[in-house]
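**Q** Attaching a single structure in structure tokens format; questions to follow.
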Amino acid sequence: MIYQSPTIQVELLEDNIAKLCFNAPGSVNKFDRETLASLDAALDSIKQQSNIQALVLTSGKDTFIVGADITEFLGLFAQDDAVLLSWVEQANAVFNKLEDLPFPTASAIKGFALGGGCETILATDFRIADTTAKIGLPETKLGIIPGFGGTVRLPRVIGADNALEWITTGKDQRPEDALKVGAVDAVVAPEALEAAAIQMLKDAVAEKLDWQARRHRKMSPLTLPKLEAMMSFTTAKGMVFAVAGKHYPAPMAAVSVVEQAATKGRSDALQIEHQAFIKLAKTDVAKALIGIFLNDQLVKGKAKKAGKLAKDVKSAAVLGAGIMGGGIAYQSASKGTPIVMKDIAQPALDLGLGEAAKLLSAQVARGRSTPEKMAKVLNNITPALDYAPVNHADVVVEAVVEHPKVKAQVLAEVEQYVSEDAIIASNTSTISINLLAKSMKKPERFCGMHFFNPVHKMPLVEVIRGEHSSEETIASVVAYASKMGKTPIVVNDCPGFFVNRVLFPYFAGFNGLLAEGGDFAAIDKVMEKQFGWPMGPAYLLDVVGLDTGHHAQAVMAEGFPDRMGKSGNDAIDVMFENKRLGQKNGKGFYAYSVDSRGKPKKDVDPTSYELLKAAFGEQKAFDADEIIARTMIPMIIETVRCLEEGIVASPAEADMGLVYGLGFPPFRGGVFRYLDTMGVANFVALADKYAHLGGLYQVTDAMRALAANNGSYYQA
């Protein structure tokens, strides 16, 4: 053994080829400070051996290296620029040391080689992947750029255009795609991986492969004619900005770094990368996006822990077909859990099966599935007009019409047909789980399971704990949601649960602006373009449906009359009473039609303005700051109330619920990250300016105390 540490082992194989194996404790390899230090020491040990002729990098795990240890980032990025620069330079010195070894090097890549893992393989002369490999630089998704030489080496290996696509999108690349552009030199079967890498090194030692020319090219300026370079980078900037927009600076910074470094050798090019990396690491956007990644890990960790308590869900059932039932059935069946779809009407079953078939056909058309896989998924969905096939289900999801009496009747019925230990969940968006539980003989096996529409696209599922729900029930539904490919958060029962409870105060703020003559299209523009929501409030209400919004608003007003009660008609009432239901009937705040390509088209509708003018008088202009304040303050305060009341367990889970359930702008990180970035004291001062507007604008005592102590909701 040449070198050994808890994360890396180096041994000498036949023909004087050394093998460096990444094999950290735990399930995956990642670049934390300990592993970087071990790699540095391992390379020093290798350099001291006079007989080594080549080096192969391997992994003792199912994956190569998943990337840097992101849990270290927020603490590290909070350091002074000088400390951060020192860390980046020391890390890069290790990768340079690997690249400068006086003999050929190769990486044998299996599973993920992402971020720092990808930058490791780029520092070697040859790269051989097996068929399980996924290679990529996802750093821009975290608001930063690669910091271990990725922006320097990748363009010199696969060309600037290909490298910019990899870096700015942050997507994982399949081995065959990596081979096409030259990121890897061969793709082999998993069992042949190490032997293929060693053979390539033997060929390099025997001078059949020119490893020195390859290395020289990686360390030199890019070979791009000046005019071609100018055109390439100008085009890239336009394309990248069109996708990333002004709120996500990292992709544009990556283009700029690659462009500036194009004419430089390795040392100067790396300095350009270092400076851009540090600048981005200090941004609020990076903090927010890294925070989302860490929050996602926390939520997934909780779901994994729940799996230990959970009942194994081998089969499921959904009661109520149609679009929602069909979406749930599709999601369950496509992720491998067979499901019975039960309804009282054949046309509804046909609609549900049609919805599943439509989603699957779209996947086949895009090349993401095959007709054989489509048939298998559809065979996993069993339509039924009676309860007989439901009796074998481990979990039953009730998804009938959103009416308490109808739901209570269906829940009482199904309980008679299912097994004693079957779990029953209601896909309700507003009706109290404790209220529905009263219709059941065994309320301990009942909880809420709130999917968001469209089911196949929306990642969040709210699992609602009623006062009688057992831990096994909650754990089993969390595990089932995870198995369906969803991100579950557990919330306690209250009107609107978590997501709708915090959404409707936002709509109330919007209604307040319209009641004073605000222009809904102007408000949407501010909330989309400046705050960063995917849809402004008027457009979102049209998509949700004004009938749904009207009903949910009444539920919230009844549940929280002091804050959400109404004294008269608002804009939602005006639209609903005039049968303007939104996209579903082609007219809401906006008018909807289909363009020449068959795609939905949204237009401002003069009729909406006439109706609002008749109800609320002449239009009045509001500036962007006031629009943002009056819509967001109620949502933020209600989110804080949910945390204080224990409706949601942590700031992390609340923020993930907002990002995944409502599309809260990821670059802002969620309500609690937004509050910490703004400063709780600054927010309290802003809210106090609008406190005269009512209870929704009045901060809690605990918020005021936190502000007085200069506190924050996150520790980092």
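The backbone N, Cα and C atoms fix where each Cβ goes, and this holds for glycine too.
Okay, these came from Swiss-Prot:
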ACT_SITE  His450  active site, for 3-hydroxyacyl-CoA dehydrogenase activity
BINDING   Asp296, Asn500, Tyr660  substrate binding site
BINDING   Met324, Asp343, Val400, Val401, Glu402, Lys407, Ser429, Asn453  NAD(+) binding site
REGION    1-189  region 'Enoyl-CoA hydratase/isomerase'
SITE      Glu119  site 'Important for catalytic activity'
SITE      Glu139  site 'Important for catalytic activity'
**Q** Within 10 Å of Ser429 (NAD(+) binding site) (Cα to Cα), which of the recorded positions Glu119, Glu139, Asp296, Tyr660 do you find?
**A** none
**Q** Compile a sequence-ordered list of residues in the same chain as Val401 (NAD(+) binding site), six or more apart from it, whose Cβ lies below 8 A from its Cβ; state 'none' when nothing qualifies.
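**A** Val401 (NAD(+) binding site) has long-range Cβ partners Gly320, Lys407.
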**Q** With an 8 Å cut-off on Cβ-Cβ distance and a minimum sequence separation of at least 6, pull the same-chain contacts of Asn453 (NAD(+) binding site), or say none.
**A** Ile323, Met324, Gly327
**Q** Fill in the CA-CA distance, Asp296 (substrate binding site) to Asp343 (NAD(+) binding site), as an integer in Å.
**A** 35
**Q** How would DSSP class Asn500 (substrate binding site) in three states?
**A** helix
**Q** Of all the recorded positions given, namely Glu119, Glu139, His450, Tyr660, which is spatially nearest to Asp343 (NAD(+) binding site) at the Cα level?
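**A** Closest recorded candidate to Asp343 (NAD(+) binding site) by Cα: His450.
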**Q** Among Asp296, Asn500, Tyr660, the annotated substrate contacts, find the widest CA pair distance and round it to a whole Å.
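**A** With Asp296, Asn500, Tyr660 as the binding residues for substrate, the largest Cα distance is 20 Å.
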**Q** On a simple 10 Å Cβ count over all chains shown, which one of the recorded positions Glu119, Asp343, Glu402 is most densely packed?
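**A** Of the recorded positions Glu119, Asp343, Glu402, the highest Cβ count within 10 Å belongs to Glu119.
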**Q** Tell me whether Asp343 (NAD(+) binding site) sits in a helix, a strand or coil according to DSSP.
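**A** In the DSSP reduction, Asp343 (NAD(+) binding site) maps to coil.
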**Q** Can you tell me the mean pLDDT for the region 'Enoyl-CoA hydratase/isomerase' (1-189)?
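**A** Here the mean pLDDT over the region 'Enoyl-CoA hydratase/isomerase' (1-189) amounts to 97.
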**Q** What's the number of neighbouring CB atoms sitting within 10 A of the CB on Asn500 (substrate binding site)?
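**A** Asn500 (substrate binding site) is surrounded by 21 other Cβ atoms within 10 Å.
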